[in-house]
Structure formats: structure tokens, C-alpha cells
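Engineer: So TrEMBL has the following annotated:
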DOMAIN    259-585  domain 'Peptidase S8/S53'
ACT_SITE  Asp264  active site, charge relay system
ACT_SITE  His299  active site, charge relay system
ACT_SITE  Ser530  active site, charge relay system
Amino acid sequence: MQESGAVKFNYGFASTDEENTREPNYNYMARVFRRDLRNYESDVVAKIEARDVSIDVPHNVDYVEIEFMGQFHLEEYYEKWYNTFGLEGVRFTEYNRKGLFAIADREKFANFIASVQAVILKGTRNAQAQIPSRYVLYVKHFELLTSADIIQLDTERLGNVVMLKTIELPANTDLENEIINALEAYLIEQEISHTIDREVNRIELYDVTAAQLFVIAQNFDIIESATSSLTGVVRPGIYNVVKRGAGFEIANSDQDLPIIGILDTGISMETPLASITINDDSFSLDGSPLIDTYDRDGHGTMVGALASLGKYNHQNEFQGEVNADAKLLSIKLLADGRGYLSENKVIKLLRDAKDKYPGMMIFVLTICYTDPKHKNQPFSNYTFELDKFAHETNSLIFISTGNNDMSKNENTDYDLEYFNNDSTNLSTPADSMNNMTVGAAADGLYDGAFNGISMGKEYPTIFSRKDATDLAAIYPPTKKNKNLFKPDVIESGGDYGFYRPNTIDFMDNAAISVLSNNPARGYMKEVGTSLSAPLIANIAAKLKIVYPEINAQTIKALIINSASLERTIYPENVNLLLNRTAGYGVTDIDKALFSNENGATLILEDTINSDEQKIYPINFPEYLVTADLGKKRGILKVTGTLCFSFLPLQHNQLTYCPIHMAFSVFRNHTSDQINSKDKDLNSKLRTGQTWSQSARAKKNPVPYSNVQKIEFNINFEHLRDEDQVLKLAVQSRLSNQIMPSQVENYPTEYNFSLVLKIEETVRNSTGRLYDELRAINNLEIINNIENEIDLEGEI
């Protein structure tokens, strides 16, 4: 039973950051604009002179990048700027503080130049000068897009794959297509191997020279950027400690198990994994996927073993009966662990594998770009494609953050302040929002004393990477989204050890034992985030076994809901780095998989429309208000997580995720009552508890997150006063900051998954909560651990 109502936002940020109506400092603006105008005019001349007139190009388009004083509000100003200045917005970055505009109408653009000249005049010689359009007063800096801006890679190490990101011109698609057609003809004429994907605005060039790349950038005015795709497997180093003997057999290889796709260096069929690896060599970019020759001991084999066999078998060193949680499909991307990937071919492999094995929904990807992302760098085409794939196919890719190989050389101890450096930022595509990003916790899956350099086994390792998103660098302190960070969770990845008191290095007693590709070598000691990601994928496989029809985002929600930072306490001076390095913390397999007699996990899978609010009653057992529980406050603890996938939007960093969705638990009120102002009727259980995410400040919004988590306690009086019924509310709204060309066809109904863990916190547990919650609620409640089979022996 549920109630539906309209979304009403009765809250907002203070107006301190709204548009300032004070008169600007014309003297300062005049100096900046005079410099910008000179540079613009000289760049236009240089661009014309660099063109090769012998190349048949049907149109020339100039682009101006504009940095604004504040946030450019698309709903209010996009059309006004087009009509006033002839500028068509084609890309917005730094959360709409920067925009790239095509000069679509040169006559109207003359008004922009005239306005700039008027500001220069007003600030230098004539204070009474009139400015044709005051819109220009919100401009901080402007410049022409040049080939130097477009080519964003080292031309001395191009590699064999270069990615061109093309520009969409919604107001003139014919012009856009004609330039791309001309570029395609030129590539064919010059015998430059390539692929063009117009749907995602990407062109891949193979074995192109630097000279050819410059010609393309200087003549075809449809290229936004040219970037490299240098990637490497996530592996900081290898130990020389060998433990021989990998002669175990997998006891349940004949069972129908979930399939995990391993995007890596291949899986060796000369290991015990052969019995659970699908004998299919269809999916590879570099040799047979059933051979793993990377280094001496492979990489994909190790990743596959961790994903399919999980924590317990590795901690137990495969003693006794070994059962798998998944079968493996090898999808080989690199043979030697480093190279230039064709993103187009990777996505095609993924989609082909999904088409052939439609029931496969879990993948592991530990091959990331070698360079870290810059702070607040926009999403790449690669990330966009992986997010799109996950959304359209109900899949979940477990992606490692990437390793910081330099961390052991740049530190003498475990120093959390080190993560303030941008060099510790995660690598593409670990910023993927629809998939799961996993960092490394220092745990090495061994018993006894902790041997790593970290503050404890639940802490992120110094080589694990942090989130590149830092809203505090752009927004004032009053504006933030506490839910927007990566990684999602951290998991066991081993740790560095102390080689000498002030020297950290690879030490075998702090590492994890992993399976080698060589049966003669057996097991190796290893550390890295490439160990962590498959271990979380293993939890996903366990969930898929117990709940075969579960959705991908529900798996994500259950895993995140089970995670905890309770034992990961940062000093105050680095506390803001906690979520950006450790995510939601270390997972708990038991909590992800099962309820127990004193706690129940409720699952809600539903859809919601834009501008809709849904209300779901949660009924609580009567004994919670009638029995003597020994206390009145905090008799129940609730942990809730909302996850949803979305169709990502290119060209606008602020609305890459254009869907606002939020949830919370309120008193036993209606939708309208929940939306009323607090002074009229307070629906909150406590003062500080509000919606999981805010859509405040329509003028200057912050980016949205598709993962949100809340924790709170329920008191005796909450249940007594509300007749043992509380209301779970979910609301949704499509952003008003979407570019006009993207609004028309964007969906207005969205799937979501919501998980609530309700636990008794009384000293003497009653053993009644699970059974009674299940009896009086319509929401799905995951099974009691006592009623389930033992999956691996450790649960």
C-alpha cells in the first residue's frame, strides 16, 4: 500500500550566493577584457593562417570558451545568450561555471564583441559609456578554442589509439553532420584507420601521426578534444614469495552459478579455474582470453579467482572443500598489462558478451587509465559509455580505483594528509556513477596481528586512490552534496609494510595470497585495488545465488548498506577526506546477505515519475511499545540506502546525473503533511533528520548523487505517538539545468532500489523483530540467516 503526491520543495539555501546586483569593478574588468580581446583576435588570425585550403571542409565554426563569475543557469540564460549573442552552448564544465559556445550567428556575436569593447571603454576612458548587453558583465574570462586546447595529450607518445570527442550542434545538426562527413572522407583519403560513433560523439584514430592529428584539429571545427587512452592493469607490484601447490578442485563446478565477466588479461585454463571458466574465446582485443601471460603469474587469473572463490577460500588458502560462487567469462583487454585501449572496442565486447549471456549482470574491471583525473575534471566518454551500458542492461561493473604506484616512494609512513595531493585522485573510469567503485582496505586476509603500515586493517591503503570531485573547491561551504563521492566502498587489498623504520615497501606478511596463472608456482603474495574489486563482486554473486531475480542497483544498495566506517576514524584535520578515500567503509558480508532474528533488511524496488513523491507505510511490532525493553531512547537503529541508475548526459558536468531523487523516514503523516513547512507541521522524527539529498537552490544547484545513505535511531515515543507506523518517503524531479536539446526525449519515469536495515539495539535482544516485521509489512524482507544454506562455510 502506498500514497503518491507531488514534490514540493519548501527548503533552500541562503541567498548569499545568488546573483549580485552591485555595480561591477569596471576598471578591473576592462583590463581583463582588453587582454582577452587581444588574445581572441590574434588567435582567430592564427587559426585562419593554420588552415590547409587544399582540404575540402564545408564549414568553419569558431568556439568561444567563457568562464563566468558564478553558475550559468541554463533554464534562464541558455536561450537568451543564443538570441542576444548568437552563441550556442555545446559544453558546460566546472558545474556550469565554464561554457563552450559555438558562434552560430556572427551578426549577433558582434553584439558580444561590442559589449566587451564597451566595458573596456567604460573602465578606462569613459565612465558614461553604455553597454549594449549587461549579460557580458557576468563574464570573468573568454578565449577562442584553439588546436592547443583541443590536443590534450603528449604528441610524442601518441600510442596506437587516439580519441577524438566531437561537438554536438543541436541548433544546426546538418552543419555538424556535413563537417563529420568531410572528416570521414579525409581520413579515408589519408588512409588513417578509424571508427566513428556518432551516437556518443566519439572518433577513434588508430596509428595516427602527430602531424596528421594537428591537421585534423586545425581544419575540422567539430573536435572538442583529442585524448590518449593509455591504460594499465591495477597492480602496484609483485612479491617473489612463492607458495607452491594449487592442486585444489572446485567441488560445485557443475552447479548453475551466476556468471561474472572478467575484463582483464585473460584467465589461465591451466589452473583449477578451468572447471568454472566458460570455454569461449570470442571476447578478446589481444590474443586468446583463455590464456593469461601477463608478467610471470598473470593478472586476470588472480582477479577471476578472487571474484569466484571469495574471501573465505583465499583466507583459508583453499584448504578443505572449495566451492565457487560464480562461473567466469574471460573478456581479454590487454595481454601485457599496459597499452592504448580502444574504448569503442571495449564497449562492443561488453555488449556482445551481454547479448550472448543475457543473464550475466556482474563484471569486474581493474584496468584503468594510467594518469589520475584532475580535480573536478568532467566525465570522460569512456565513463559515459560504461554508465550507459550499466543503465541499459541492468548490469553492475565493479571497478577498482586504480593504484598510486608512487605512494611508497613519496611516503615514509602512513600519512592521510598525503591524499590532499591531486596525484592521489582516482583514474578513469573509476568515477562511473552507475557502477561500483572499490578502493583497497589494508586487510590482508590473514589471522593474527596486523602487519601493514595503515592505522588499522579497516583503513584505506596509501596506494588506493581518492575521489577527484571536490565541490569545496568551487562552491561555498553552504553548498555541498554529502552523498557525492567515490569510492563506494573499500575492501581487503593487502598493505605495504615497513622494510626499515622509515622505509615502506612490499612486505609479504602484509599481503594477500592469490592464485598464480602457473600451477608450478601455486600462490603469490600480492597487494592492490585489483584484489579489492573482485572481492566485492564475489558478494554480488552470493546475493545473486540467494536472490536470483534481484536487480543490479539492489545489489549495489545492499552492499553499500552493509558497509561501515565505525572503525575508520580520521583525525579532525583530515576528516573531510574520509568518504573521498574510504567511501562508505568496509562491507559486512553477513549484513549484505541476510537478516537475523533481531534485525531485518527490507527491500523496495519500484519506479517513480519526475515531480512525484511516493509514501510507503512501515508497520512496527506492538511489543516495541508494550514490552519492557530496558530503555526508551534508541530502541531501534535504521540504516537506509537508495541506489538508482540513470541515462547519463554528455556535455554538461552539472547534470551528468540529471535526476534528483531522495528518501527519508517520517512520522505517520500524509504526503502533503510531509511537504508542509516545519512551523506548520513537523513530520521529522528529529530536528537534524531530513531528506537524504536536497534539490535546493534552483538558481545555483549542486550536482546530484544516485547513491544516498542515512542512519538514525527510533525512540519509544516515535512509535507510541504514531501508532507504530512510520512513513518511508521517496521523491524525484528532473533537473531544470538540462540543455534544451536533451530535455525532449529524456525519460520521466525512473527505477530505484531502496534498502532499510532495522535492528534492535536493546541490551537483551528479544528475538522477535524479524518475524513480526515480516508478518505485518508488504515490503520484501531478505531471509533470516538461520534459514539459509551455508554459502562458503564462513557465514
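Glycine too: its Cβ is placed from the backbone N, Cα and C atoms.
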Engineer: Kindly assign His299 (active site, charge relay system) to one of the three DSSP-derived states: helix, strand or coil.
Structural biologist: coil
Engineer: If one measures from the C-alpha of His299 (active site, charge relay system) to the C-alpha of Ser530 (active site, charge relay system), what distance in angstrom results, rounded to a whole number?
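Structural biologist: It is 9 Å, counting Cα to Cα.
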Engineer: Would you mind reading off the Cα separation of Asp264 (active site, charge relay system) from Ser530 (active site, charge relay system), to the nearest angstrom?
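Structural biologist: Asp264 (active site, charge relay system) and Ser530 (active site, charge relay system) have their Cα atoms 10 Å apart.
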Engineer: Mean pLDDT, the domain 'Peptidase S8/S53' (259-585)?
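Structural biologist: On average, pLDDT over the domain 'Peptidase S8/S53' (259-585) sits at 95.
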Engineer: Starting from the Cβ of Asp264 (active site, charge relay system), draw a 10 Å sphere and report how many other Cβ atoms land inside it.
Structural biologist: 31
Engineer: Please report the DSSP secondary structure of Asp264 (active site, charge relay system), reduced to three states.
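Structural biologist: Strand, per DSSP.
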